Amino acid sequence: MMLRTFTLLLLCIWLNRGMTSMAAVESQPELWIESNYPQAPWENITLWCKSPSRVSSKFLLLKDNTQMTWIHPPYKTFQVSFFIGALTESNTGLYRCCYWNEKGWSKPSKILELEAPGQLPKPIFWIQAETPPFPGCNVNILCHGWLQDLVFMLFKEGYTEPIDYQVPTGTMAIFSIDNLAPENEGIYICRTHIQMLPTLWSEPSNPLKLVVAGLYPKPTLTAHPGPILAPGESLSLRCQGPIYGMTFALMRLEDLKKPYYYKKPIKNEAYFYFQALKTQDTGHYLCFYYDGSYRGSLLSDILKIWVTDTFPKTWLLVQPSPVIQMGQNVSLRCGGLMDGVGLALHKKGEEKPLQFLDATSNTGNNSFFLKNVTYRDAGIYSCHYYLTWKTSIKMATYNTVELIVVAWPSSVFKVGKTITLQCRVSHPVLEFSLEWEETTTFQKFSVDGDFIITNIEGQGTGTYSCSYRIESHANIWSHRSEPLKLVGPAVTGFLPWNSILNEAIRVSLTVQFLSLLLLVLWLQWKCRRLRLREAWLLGTAQGVAMLVILIALLCCGLCNGALTEEIEIIMPTPKPELWAETNFPQAPWKNVTLWCRSPSGSTKEFVLLKDGTGWIATRPASEQVRAAFPLGALTQSHTGSYHCHSWEEMAVSEPSEALELVGTDILPKPVISASLPIRGQELQIRCKGWLEGLGFALYKMGEQEPVQQLGAVGREAFFTIQRMEDKEEGNYSCRTHTEKQPFKWSEPSAPLELVIKELYPKPFFKTWASPVVTPGSRVTFNCSTSREHMSFILYKDGNEIASSDPVWGNPGTSTAHFLIISVGIGDGGNYSCRYYDFSIWSEPSDPVELIVTEFYPKPTLLAQPGPVVLPGKNVTLRCQGIFQGMRFALLQEGAHAPLQFQSASGTSVDFLLHTVGAEDFGNYSCVYYETTMSNRGSYLSTPLMIWVTDTFPRPWLSAEPSSVVTMGQNVTLWCQGPVHGVGYILHKEGEATSMQLWDSTSNEGAFPIINISGASIGRYSCCYHPDWMSPIKIQPSNTLELIVTGLLPKPSLLVQPGPMVVPGENMTFQCQGELPDSTFVLLKEGTQQPIEQQRPSGYRADFWMPVVRDQDSGVYSCVYYLDSAPLVASNHSNSLEIWVTDKPPKPSLSAWPSTVFKLGKDITLQCRGPLPGVEFVLEHDGEEAPQQFSEDGDFVIGNMEGKGIGNYSCSYRLQAYPDIWSEPSDSLELVGAAGPVAQECTVGNIVRSTLIVVVVVALGIVLAIEWKKWPRLRTRGSETDGRDQTIVLEECNQDGEPGTATNSPSSALQGVSVEQTVPI
């Protein structure tokens, strides 16, 4: 229900919203009435509409939400008039006006209601508060009457006469209430009348409730189902206070002048419903309550409600780089526009999110952490908003990040081994290149990005980087990647002293043993050479030598045993828990479901078994690592003993404790257990009953009545024996029963015998590091006693898991070290140890709670009253979790163990730090964990710094994007400090009011200033503003000057000696203005603060920068402002890019019109660099001297006789530094072009020439062979002695194919040789 009243809560609400709400008010036009009939204004009415801050070209008048008329004046103006004339029945209605700006029509003005003739319009009534939010501040009540020269009357409920009146010259009266007090509370209205007609009154304004806030504690405001919903969905806002019978009110900060929602309470709370949300319902809501005397509470915390159909996009950044070396840690930083919303990290290919950040830790800038990354962590990651309620809002992701893990198998070389360097990007590339910084000539190319580096003779070590090029720009290479250093093997740590000593003893004893053995052999060899009378001496020597050898061996064993060795704990698969649930508490056997839960996060399935019948069912593990086995109504077939197992990938757990179902009308038999009874100490007896909501009774054998009884306390109960003495010994059992009478009882448990035995004192037991660990950590337990030669047993949750044998060679204390190499999620729990000798055991040690974190979402940690405390005072740290029934631990950075433990029935606990001192200063965090399932814990809360001091640390004020901005631009002032959870306040020099940011949940406060105007110029500072009463001193921040540019002619900026300077030299910026008596400001792009300011006597300021460095490179400009108008500055000067380097950047080289020569055409090569005043030179491959010089960088290349073809590059030098040349540009190749006919002729000529060469070479070979034969034949002819020589034709049968018919003589002879005489 909407009550048509307004309420003042003196908390300066709209000041909290800063300039945002102010800008919104300024953009609303003003509407009023003028008439030339002062005694009867309805006879002739003109409506005026005025723009608040700018001229406009169009104005629009609306009546009853429909367009009535619009005016387009011939020139832009601030205000226009709409003539109405005499007021008649047709003219009555609701009027508003708008004006046109660059974004469209403005917001409508306030509604003017014209009623019947003879009546004045009803005035508008609202509040303005400009003072601090406590009784005693000043309040202005504003009444707007629409007409000028009216009499304004202020009335208060309970008074017949007006309490105040005014006759202003305008249309509005301001009634001031100074020093607000409780008697000023109540309901106010205002009325107007014409001065000449005191009997003609207007209608009363809407009533206004004046509530003095801060007299009651603030309520809490929550949203259901959540604070972020889609349009059309329903929302319920619940306001809850500590006091019954109050009236509750809901306000929206964006509409403070609109009526508020109010509700009568339901006990001490009220619900505000929104059936179908709209996007304009987005805003900041708060609530309060008040009594019948209008005494109000403090405002609740502001609750931001988002109504949107699409989430704003999130972005994801990787630190230090998306290409990460294996084994390192990586941070994935996720951010978005929404704060107070959970975030989830997703990996492509994975169904479930990898990590979560809860809503309380999301401040718009958060990080997920991947530790000790491997190649399994490589992939494409994205982050999304994570909601715990259902909604139809679409999720959007701005970007994804591909994480690349490089250097396989590591970045440490072993001589003779190889390492694969992997260069990766998230898009297709043409080719990768690998550079080695130690060798300039080294370069490798790869298509897939894998480079194999060998380390022969240790020569592969060094620093490598890679780059790539894409197909569309094949001549352009990317920037180099971050360098990766490959190093040789080195000592990465120190061996433990025990290991060094152990190894030294082994080597020493081995040398002694070998020496003595050689001595015995030498004596035996001598035996053969000695006389018999010396044999007894030899025997004695041999005996002594053997005795020494035996003693050495014995010492070896004793020395090795004297060293304390670490005993690795082989953790068994955790035992699951089995219990029963029912929806019939008085008759649970009517419907029973068995549940099995495992503490191990890697459990895949659960198996339920029944004794005598074996396997019953298998169920997959849920997200809570549990499974349900419904049995239904119990029958005789269900009776028996049940237990369950959990299955992992390679192991099956031990069976759970047996749950015995006896039958109908009888509850399952409970299980009883207790710790070791120790004389004179307290003893707790545990009775586990399998069902929720049961009563428990403890019995002692020989007594009929229960020894102790407990009501419904869950599935288990603990009976306490305050002091264990001899009379308490005996056999105990326990039973369970239903909560309500008539009781249904269980069978008695198995008996438990309690006997007090003689015991040694308990050992000293601790962990070497903190017992709060992350999965994968290394944990060592140290158990020791002052007694000698003791054996040790390590227990987890009362079960033995490891043991240590006695050490005989070490006098003094006995110690055992138990080691968990890599802690799993199921390894948490309560650990203890005992020691024993042959017959006597020790008392159990004090338990150590090993908490394995990162299983549940992290809690939040807050300090009350605040994180800054005076020495000697108390502070309460509240740890707020998510789940009920958890146990909480408080940790301090640098402390070995948690400071405090507490168990909670709700979701939060309070840790008290009493009388804090300097030693309590530091970072605190908390964690919660469940004690029933291996101490599975949450992530650690965000650290909270506790300051023990009498003075707040000084914050720092900065501007984003810069403190020098143009008129109309938006700027955000950031107040940053190390103290968390404290509000900030922003001061402007010369103004009494301040902008406040309440309940900051981060360590920085944002103060946005929208649409910078002349009123925004000034000097600002900020300080902390704690929301608790504290005597701690507050220091102001630095002073920031907000300068607005664009109001004076721009100056000129020069630099001497030039835009490029060698590191270590000096440079001077000269800023020349046009007006005298000016202050000059030097600016650098990318920095938020000015570099330097000067007030010279003339028109120019010289900014001297001595010994410049590389980081001084950048883009500079300057502005100036007059002393008569400080901080109202000129336009920016021209920008100057400064290079501080001894090697100018390389230029670019391009060809026009193309890189292909055409017949008779030239090509112009264009060399361009980033610096002015340079000389360019063009180089052609193959020519020693540069070819051409040019000041403008243009080179004309001709192709006479094909001399223009080839690779070109260019470089330049500054005229101020003629000896310093830049790097050469990337090479550019010019090629020639031939027509199709010429190309075909060329190819034909090449083919023909090749054939001619082959033929000529073949003929030459044949002629050479024949030439060699000729002298040999001639010599044989001279040696025939007159006989005819014959040439045997042995190849005659080879003229035809074998086996074919032929007419040759050879075929008839069938292979017989035929000789034919040939004259030579």
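Backbone N, Cα and C define each Cβ position, glycine as well.
In Swiss-Prot, CYS783 is paired through a disulphide bond with CYS833, chosen from CYS734, CYS833. When you check Swiss-Prot, the disulphide partner of CYS1210 from the set CYS1167, CYS1241 turns out to be CYS1167. Counted as Cβ pairs under 8 Å, contacts with the domain 'Ig-like C2-type 11' (1049-1134) are highest for 1145-1226 among 115-212, 224-308, 572-665, 857-942, 1145-1226. DSSP gives ASN782 (N-linked glycosylation site) a strand state. DSSP assigns ASN1131 (N-linked glycosylation site) to coil in the three-state reduction, outside any helix or strand.
For CYS97 (disulfide bond), the number of other Cβ atoms no farther than 10 Å from its own Cβ, over all displayed protein chains, is 27. Helix, strand and coil counts from DSSP across the domain 'Ig-like C2-type 9' (857-942) read 3 helix, 41 strand, 42 coil. Looking only at the domain 'Ig-like C2-type 5' (401-482), the predicted model's pLDDT averages out at 70. Cα to Cα, CYS1118 (disulfide bond) and CYS383 (disulfide bond) are separated by 41 Å. Taking H, G and I as helix, E and B as strand and the rest as coil, DSSP gives the domain 'Ig-like C2-type 3' (224-308) the counts 6 helix, 41 strand, 38 coil. Once Cβ contacts within 10 Å are tallied over all protein chains shown, the glycosylation sites ASN731, ASN782, ASN1207 are led by ASN782. The two recorded residues, CYS49 (disulfide bond) and ASN1131 (N-linked glycosylation site), have Cα atoms 34 Å apart.
Here the disulfide-bonded residues are CYS423, CYS833, CYS1210, and the one whose Cβ sees the fewest other Cβ atoms within 10 Å is CYS423.
Comparing local CB density within 10 A for the glycosylation sites ASN329, ASN591, ASN874, the maximum falls on ASN591.
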